[in-house]
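Reviewing the structure listed below.
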Amino acid sequence: MTAAPHTAPRAVCLLGPTASGKTAAALALAERWPVEIISMDSALVYRDMDIGTAKPSRAEQAIAPHHLIDIIDPLDAYSAAQFATDAQALIEAIRARGRLPLIVGGTMLYYKALTQGLSDLPGADPAIRAEIDAEAARDGWPALHAKLAQVDPVTAARLHATDAQRIQRALELYRLTGQPMSALLAREAGAAAFHRHEAAAAYLSIALEPADRAVLHARIAQRFDAMLAGGLLDEVEALRRRGDLSPVLPSIRCVGYRQAWAYLDGEIDMATLREQGIAATRQLCKRQITWLRSTPERRVVDCLAPDYVDQVARLVRNALETP
């Protein structure tokens with residue numbers, strides 16, 4: 001039997017939680033291959049937010065071209081869908097230049113959008129929702145649950161008869177599409193599985209994960225202290241002085257920024273700022289690791305191993321070289 005031809009990945013994805021050493025590994029790869037780095041970090045897109053986001057320095061960015069860093073103002077928003085569009089265009093452009101796209105970051109929703117796509121379910125329809133609400137006011141949610149059971153018994157069976165929000169959404173989807181929500185979700189799950197299979201071939205996904213989470217937690221504390229010493233409060237104060245930003249914006253909700261903002265508002269003291277900032281970073285890290293563990297196509301490297309960069313490089317070399 002003839003072996004299947006070797007196909008190099010379209011791009012390499014270097015994933016990992018906060019403080020796992022992604023930047024150092026990416027720059028080491030840039031010294032071995034002609035890479036261009038595509039940032040996959042929802043905080044690095046913002047201009048004037050350098051310290052609290054641990055943005056690569058100018059010297060680090062000079063080692064290899066970097067993309068999707070400093071592309072929007074903190075007043076603006078940037079979505080996972082926009083990232084997927086931008087990243088796909090960059091991948092094609094970088095490959096056309098004969099270089100290797102290296103996607104680096106820990107914003108796993110962005111990774112999902114790039115490799116699996118986002119939900120195609122219809123959005124909310126105000127008119128249909130108002131119609132359903134009127135029926136519920138007249139007949140009660142148990143009556144609407146009974147209606148749902150007639151058209152989508154699978155969904156109705158897992159919902160309580162007074163679960164207004166979910167009953168409303170299931171009926172809304174049925175009235176919008178003529179199909180039960182259970183069937184729509186099953187189709188989406190099948191599509192996601194297909195996309196995961198495709199992603200395994202199209203992308204080499206390497207995950208930097210800690211064998212000992214306590215060591216990563218110590219790194220997080222050291223890193224946050226370094227940010228405070230490096231001028232995080234001055235950076236946030238400069239953002240406050242603009243006068244058009246507030247803690248409700250996605251940019252200011254970034255870990256570290258919302259805590260520093262609260263401190264400058266006089267809501268918390270310095271000890272609480274540090275405690276909350278470190279705790280929020282650890283929670284972010286936990287969520288990132290949970291996402292990673294639901295990514296079966298990833299190749300895991302212990303980010304605490306002394307030779308973790310060499311392990312990453314070995315995986316990349318094996319994927320790029322024709323057997």
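Cβ coordinates are placed from backbone N, Cα and C, and glycine is handled just like the others.
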Under Swiss-Prot, the annotation region 'Interaction with substrate tRNA' belongs to which of these stretches: 9-12, 33-36, 41-44, 305-308?
41-44
Range annotated as region 'Interaction with substrate tRNA' in Swiss-Prot, from 95-99, 165-169, 265-269:
165-169
Looking only at Cβ atoms, how many others are within 10 Å of the one on GLY21 (ATP binding site)?
20
Tally of residues which DSSP labels helix, strand or coil - the region 'Interaction with substrate tRNA' (41-44):
0 helix, 0 strand, 4 coil
Same-chain residue ranges lying at least 6 outside the region 'Interaction with substrate tRNA' (165-169) that approach it to Cβ under 8 Å:
129, 132-133, 136, 141, 144-145, 148, 159, 181
For the region 'Interaction with substrate tRNA' (253-258), jot down how many residues DSSP puts in helix, in strand and in coil.
2 helix, 0 strand, 4 coil
Local confidence of the region 'Interaction with substrate tRNA' (41-44) - pLDDT mean:
98
Tell me which residues of the chain lie with their Cβ under 8 angstroms from that of GLY16 (ATP binding site), as long as they are six or more apart in sequence?
LYS22, GLY106, ALA207, LEU208, GLU209, GLN288, LEU292, CYS303
